[in-house]
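Quick notes on the structure that follows.
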Amino acid sequence: MSFRTIEWRDNKVIMIDQTRLPAEEVYNEYTDFQSVAQAIRGMVVRGAPAIGIAAAMGVALGAREIIADSFDTFYRQLENVCDVIGRTRPTAVNLFWGLERMKRVALQHKELDLNSIRELLKAEAISIETEDLAICKEIGRHGAALVKEGASILTHCNAGGLATAGYGTALGVIRGAHEAGKGIRVFADETRPWLQGARLTAWELMKDSIPVTLISDNMAGWLMRTGQIDFCVVGADRIAANGDTANKIGTYSVAVLAKENRIPFYVAAPISTLDLKLANGDLIPIEERASEEVTQIKGIQIAPEGVKVRNPAFDVTPARYITGIITEKGVVRGDYERELKALVGQ
């Protein structure tokens, strides 16, 4: 791939600014955890796995900022760093997974001097990024096997290299099928209000010379009804124990339409996106974002001033609409509660 979503370089976090794509390919440098938290909140970096990586790297930066003379003092301040980052995006479980993983590293090495702990935290954050790339390629391999030759694939939002360390989850499946020579083509929903499909998915696929057609969100049902879609695949921000899946707002509509038109609908996500502590999707917290994201596009007002707005960033697709969940360990179908628990236990 010709871009890097996020990396640690010279004790700085480097992230591609996704708010400026596709017009500009700009990389921002971050040297403190507060600025990383703001980048997560402001959608400079987005997509559950990428948010998890950014959170971990933010903790590593925060650890370098802490002044302490004992582990207990250091760890209390590290928890404060994690609390600040943890308040940025409530739905993506990878955020909290990354924070907990970093805290665990500190606790497991509390007998070491603080500089050694800081170095271990940096190494852990880099490992999370490296692991994610390998995980996405495994997801792509498992998912590509499900795609028929010449398939037309619909995807929603952006679950690609920009949403991960690279390669992607849903777009990992698409990349895997493309690399296998299956002659696929992709339809990308524009994905209001942030237009991740138009700005990010189309940009990624065009850079990789994967045939892509951009559609407005309200076209998806008609394309399915007229036989122009063979396969649907999306990413996930959190998957409950029963398979209910939170993903970008509009995913639920796509899933219902797919079932009505007998089109397979798959979710592609790493095991770190599973939240088996939540029995079902009704318990997943849904982030509500600013009204201006709906009433404006790039600062231009497109709705009457003062109109009431709802802007949930995610919806929840019940498991009954999901054909299968593609993970790095394989594809889960049917009894999600039992199968997901078994998968995590492997």
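Note: Cβ is positioned from N, Cα and C throughout, glycine not excepted.
Matching GLN196, GLN301 to the substrate binding residues that Swiss-Prot gives (ARG46, GLY47, ALA48, ARG89, ASN247, LYS248) identifies GLN196. Annotated pair ALA48 (substrate binding site) and CYS157 (site 'Transition state stabilizer'), C-alpha to C-alpha distance, rounded: 12 Å.
Measuring Cα to Cα from CYS157 (site 'Transition state stabilizer'), the binding-site residues that fall within 10 Å are GLN196, out of ARG46, ARG89, GLN196. When the record's substrate-binding residues ARG46, GLY47, ALA48, ARG89, GLN196, ASN247, LYS248 are compared pairwise by CA position, the greatest distance found is 17 Å. Same-chain residues with CB within 8 A of the center of the ARG46, GLY47, ALA48, ARG89, GLN196, ASN247, LYS248 CB atoms, the substrate site residues themselves not counted, are ILE51, ALA92, CYS157, ASN158, ALA159, ALA163, GLY235, ASP237, ALA313, PHE314.
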